[in-house]
Amino acid sequence: MAMNTSSGANNNASSQQPRKISNQNIQVYVRVRPLNARERCIRSAEVIETVSHREIVARHTIESKLTKKFTFDRVFGTDSRQADVYSTVVAPLIEEVLSGYNCTVFAYGQTGTGKTHTMVGTECAELKSSWEDDSDIGIIPRALSHLFDELRMLEMEFSMRISYLELYNEELCDLLSSDDSVKIRIFDDSTKKGSVIIQGLEEIPVHSKDDVYKLLEKGKERRKTATTLMNA
């Protein structure tokens, strides 16, 4: 997603504010997935225990007395809500984005651990209420709803473009392109250290959160990620 903003004095004042989380450039959060229906049916054991808001304890097997404790910036237990995750992890970054900082949020984990549920959720196209509401929508639609709300309140002039890229089996796929013959290539950006340029990726202008939700639904239909027993 790329966004350019311009709003005269309001924008200049925002860009001069000190960054609140400059000493926390990288944060790691863990969300523990509850057992799914198949796992409960075969009586799978839970080997991860949430002992605090920052620590989990892992056992090799349910009978094992050998445990390992891991500490993170925040741990979300099996009863955590989508709204809780968003308000803690992502909501503070919206102000950072509007102040001119680049922010990235990504989910990492084994297939079936709940990455798509956390990032996208199950009600993306049906979001009619506030991003603060307790529902099953994920981080991406909430963030875009939040961002548009903030831009509207700030009365900023802005342009926003959306891209939707999938990397699957070492192949790049533009999920918003209507032409499957277009080849996407990725290069190192010589002008910005650590950045890359993706050539051939379609960028679509959007003007509201509803525009974004339609594109997310379109991209979701083209995803190649296979369903496995782990997320059945």
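Positions of Cβ are set from backbone N, Cα and C atoms, glycine also.
Residues annotated as ATP binding site in TrEMBL: GLY109, GLN110, THR111, GLY112, THR113, GLY114, LYS115, THR116. Residues or ranges marked as compositional bias 'Low complexity' in TrEMBL: 1-15. The domain 'Kinesin motor' annotation in TrEMBL covers 25-232. Per TrEMBL, the feature region 'Disordered' maps to 1-20.
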Tell me which residues of the chain lie with their Cβ under 8 angstroms from that of LYS115 (ATP binding site), as long as they are six or more apart in sequence?
ALA107, TYR108, GLY109
Limited to the domain 'Kinesin motor' (25-232), I'd like the whole-number average of pLDDT.
85
Let's check the environment of GLN110 (ATP binding site): how many other CB atoms sit within 10 Å of its CB?
9
